[in-house]
Each structure stands twice: as structure tokens, then as C-alpha cells.
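Here Swiss-Prot flags Thr70, Asp91, Asp117, Gly118 as S-adenosyl-L-methionine binding site, drawing on sequence analysis.
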Amino acid sequence: MEKTTHFGYQEVAESEKAAKVAEVFHSVAAQYDIMNDLMSAGLHRLWKRFAVAQAGLRPGMKVLDVAGGTADLTRLFLKEVGASGTVLLTDINFSMLREGRDRMLNEGRTPPAVQCDGERLPFPDDYFDCVSVAFGLRNMTHKDQALAEMHRVLRPGGRLLVLEFSKVWKPLEAAYDLYSFKLLPLMGRLVANDAASYQYLAESIRMHPGQEELKAMMESAGFARVSYHNMTAGVVALHKGYKV
């Protein structure tokens, strides 16, 4: 019997999840950045800048942006590594990748963009100085496999950054639930004409591992000195780990 996994609150066959997630992101790609600004009141930009500040990048370094979508982090990383460095933008979803590529082309930038699965990265071992995945890990079917792949492609001494929605501070749970399950789908319907995708967003956040659980998963994948930093009362957490 085929194994099952969660797609939001639904239980689906593992073989079906990727296609269902793809449908969500094909649907929201064109309005993705606008919705991020609306949903977070612009805070997502601060979260991402904090993540980049924790990357420890220098000119000439190689960075892999997994599930990089519309290239917010890629564009920030490019400023850090300079002309002598490399930033690879990847995403499994072509619609999202196209949005990111087009944004960079409009800015006169031409970094490489690769459509690939974060659970099966087509890159050599011990290659990148830094790997990031922002708001992408929770959509992956086999998170442990994805973390192992990110560990594989990092060079010894390199670091992984996982920026993801997490478990909010308990006194705020009721208000956060109201916002997530009532306002998010409403905004999705009004702005993107797609309430269902934002209902999935709220559900996928609740099903994603919390701070300590994700820390343990990273350690199981081989990362050392794993730590995390909560932002906005735990709405988002940045996990950081190193390959030794």
C-alpha cells in the first residue's frame, strides 16, 4: 500500500503531493510577491534580510537558493557575493522560477536559474558555501531527504539557512488562527482570485515541524551547531546549521 503524507490537512498519497503543491504555485505565481507584502505587512522583506545577514557571505562565494521562487533571496545574495561569486536560483515550479528569472532580467541580471526538485539536487558534493531554503521546506514531501541533499552539496564548513513559518508564541495562537483561517483565504480570493491556495498555506504552516522538531531533523541530516532564531513572536523562525 502506498505511503501517505499531508497536503495541508488532507492526507494524500506521497506520489500525489508534488502535483498538488505545483497546482498551488502555478496558480499564485503572478500575484505571489503582492500577496507576500499584504499577508506580512511587508515583514517578509525584513525576515529575508535578516537571513542573508546570517549567511556569512563574502565576495567569490557560491550560494544555492533552493525553492527560491521569485528570487527575493537570490537578489540579496548577489549583492553579497559580488561579480566573482555565484548564486544559483532553483525551484521545482516553472511558473515561480519564471517570475524570479524575469524579475532579474528586468534588473539587468542574468544569474543561472535551474528547475529542479529540492529532494534530488543535480549538483556535485561539497560544492556550495551556503544553501538557503525560504518558505519552501514545508511544501516538500520528504523533508528529511531534502535536508540530506542540502547537506550533501554543501562544502565542509558551509552553512544551511532554513527560513520558514513556525510555531507562534502560545498567547497569540487564537489571534493567529483567526488571521490565518479567515483573513488569508479572504485576501487570496480578493487579490489572487484563489482562496483555496491560501487555505492550503494556513494548513501547511500548522502541519510543518515546530522549532525544536526542525532543529532535530537538521541534526539527523548531519548538520552541526544547529540553532534557530524566532521572529515576529515565532510566526517565522530562521534555523541555521553547519556541515563539518
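Placed from the backbone N, Cα and C atoms, the Cβ positions cover glycine too.
From a predicted model like this one, the values you see are computed outputs, not experimental measurements.
Listed binding-site residues: Asp91, Asp117. The one with the lowest count of other Cβ atoms within 10 Å of its Cβ is Asp117. Following the DSSP three-state reduction, the secondary structure of Asp91 (S-adenosyl-L-methionine binding site) is strand.
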